[in-house]
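A.B. asks: Have a look at this one.
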Amino acid sequence: MAAEVRRNSIAVPIKNIERELICPICKELFTHPLILPCQHSVCHKCVRELLMLSHDDSFDAGSECSMPGSPRSRVPSPSMERLDRLVRSGGSRGSMSSPGWRRNSVTPRVTAIPCPGCQHDIELGERGISMLFRNFTLENIVERYRQAARAAVAIMCNVCKPPLPPQEATKSCMDCKASYCNECFKLNHPWGTPKAQHEYVGPTTNFRPKVLMCPEHEMEKVNMYCEVCRRPVCHLCKLGGSHANHKVTSMSSAYKILKEKLAKSIHYLISKEDQVRTQISDLDVLIKQTEENGQLSEREAIAHFDRLFETLQERKTEMLRSIDQSRNRRLDQLKGQVEEYQGMLENSGLVGYAQEVLKETDQSCFVQTAKQLHVRIQRATESLRTFHPASNPCFDEFVLDTSKEEMLLKEMCFGGVPDPPLIDLSRSRVYNEATICWRLSDDHIATDHQLLEYRRLGGRGQSPAPPQEDGVDSGSWRTTERVYGASTVVCDLEPDSLYAFRVRSCRSSMYSPYSPEVTFHTPPAPAFGFLFNDKCGFSAERLVLSKRRDSVESQAGMAFLLASERVQTGSYIGLDYIIGDMGITQGRHFWAFRVEAHSYMVKVGVASDTKLLEWFHNPRDTSSPRYDQDSGHDSGSEDACYELSQPFTLLTLGMGKLFIPKASASSVSSSSALVSTAASERVLPMPQRVGVCLDYDAGRVYFYDADTMRCLYERQVECSGTMYPAFGLMGGGRVHLEDFITAKRLTF
């Protein structure tokens, strides 16, 4: 397989792999690349710049600055030997004495930088970049690329002495770290001397160390591979370092396995070359279609808006015409009224004429003339008493309310129907309250809000509600209020029930389709909130508690080394116990947590305070196997008596497995699915999340797979006094409490 890959790899010129040799930060060819824990590579100088940008008091602030304008940027690069010392020690001598970090500092410094490749935060730890390996393989490939790029520029001999001009080098010695012509190589590596055994290669300027050294133990070679951390380690790392309880394999075995996997992957890619070319052609067609469809959409949008503009222009012209006609009509009416009143002023002779008529003494003649004159005078008098304009100057009937039209224009949807969101199962948690999280679509157009719907399908052992004939589920969906983020909380869920959830997005009054339905099973009891107790029986020497007291870690360190003599004589080392800071005196309660997969042995369950007092105050024989209830010492009734005296009722997890205790009629329910004592049936894969339910009144404890709410094991427990969540750890291991379990306690 490897030979076939080598034959096929000839078809791929080295000049075509330039994109793989570019640092993601400086966008140049890698210079002394370092491998980050996420397996991405970054230039050594770029890692230092990241540290200085992230922390003003970075421990590497005293090393050579590579920022533009710095006086140290003009200093020549250090030699490869000095660079190795820098990588192993975390910086130059000046940086070791900087105030941000000291090698022998009592308080370790934890430094985090973002990986430019995957954007994950990289915890470098107190030793900083000294914990990172140099990527020698990548350095060699970059050097070969440089040589291929400058094939016309020869590498000259470093040893030729004047006055003769230096000759072109034909060999480079990896031990001497120099290049030689044929004559100089023979003179400096004569037969029969130790130098004749030096390793030499073709002419190169890249001299790397012959072996890879452990960054944690500077004088040790790496000779093993940690399968948990996926990195090379030395034997000291495995014996008592950070990889003490990790699964490791020999370097030769890891080399063989990884090389076979890489060869198979390369062969698969090469065999799929025609398929890749076809897919590239399909993508070219899609690009062309995208351009054409985009132009078509632009033309259609322009046509739509042109029609809107034409309609608005027509309505504008019609409205202006109506206003002009109304204005002219009102002006005519008002002008006519003005003329009428002007006539009243001009007819002032009417008054004089009336006065002359009053002088008439003949009654019959006066009545004949005064009747018509009185009507004219009365009409003029009435118009003066009740003055009304002939027309209203206001144009209120022409005031437009365009708020609805403006709203319609603003809500006009140009993005189409939004894509449905997807509910994130890994981040969603369901207890008596549910925290449902989802991922929004990647169409780059923001949505207005989301609506979450949920319904109860049934309880444990009940089948889901059947659909009606019209296809609508009989279980009614309940809708939450508008959600303006990517998560929401649903309250008042019934215990031990199956719920379905779905979500959809809204943009410009248009709703997306519903997301695929997901189901969650609520715990059999309300969530019980607590933190780890750092006061009662907590061993600070062997257990490390987080600041928030929501996670605890057992470290295989000095305690095991001090007990090495007793281990050799067959003595059993006990568990380190820790309990919760809140107790239970009645009812049913549920809590969940996560056990790290690499944990050696972790026991989880409950403990009684009355028995804990006796347990802590009475002396115990720690040299006896009975120091722990699962020590493997079986002797019938004596075990039963010992088990009754224990304050703990625990279930064992470790090394990626869950171990069911040996069943007995007195301890395991007859209805339990796991009553067999066969060894193969007692070992189950460790769940991602473990749940514990204590029924104080019934005196039973249940252990669940918290993701599926499947009961793995149950047993009788004597509930006396106050019962506490209990955990026991031995060797390397870690337990994390669920956020929902700790949220109320942390808020309090």
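Every residue gets a Cβ built from N, Cα and C, even glycine.
Please treat TrEMBL annotations as automatic predictions, because they have not gone through curation.
Sharing the feature lines straight out of TrEMBL:
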- 209-251: domain 'B box-type' (DOMAIN)
- 358-415: domain 'COS' (DOMAIN)
- 417-525: domain 'Fibronectin type-III' (DOMAIN)
- 61-81: region 'Disordered' (REGION)
- 458-477: region 'Disordered' (REGION)
A.B. asks: Kindly report the helix/strand/coil residue split of the domain 'COS' (358-415) according to DSSP, in that order.
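C.D. replies: Output for the domain 'COS' (358-415) reads 35 helix, 0 strand, 23 coil.
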A.B. asks: DSSP on the domain 'Fibronectin type-III' (417-525): how many residues come out helix, how many strand, how many coil?
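C.D. replies: Summed over the domain 'Fibronectin type-III' (417-525), the classes give 0 helix, 47 strand, 62 coil.
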A.B. asks: In this predicted model, what is the average pLDDT of the domain 'B box-type' (209-251)?
C.D. replies: 80
A.B. asks: Tell me the residue counts in helix, strand and coil for the domain 'B box-type' (209-251), as DSSP assigns them.
C.D. replies: 7 helix, 11 strand, 25 coil
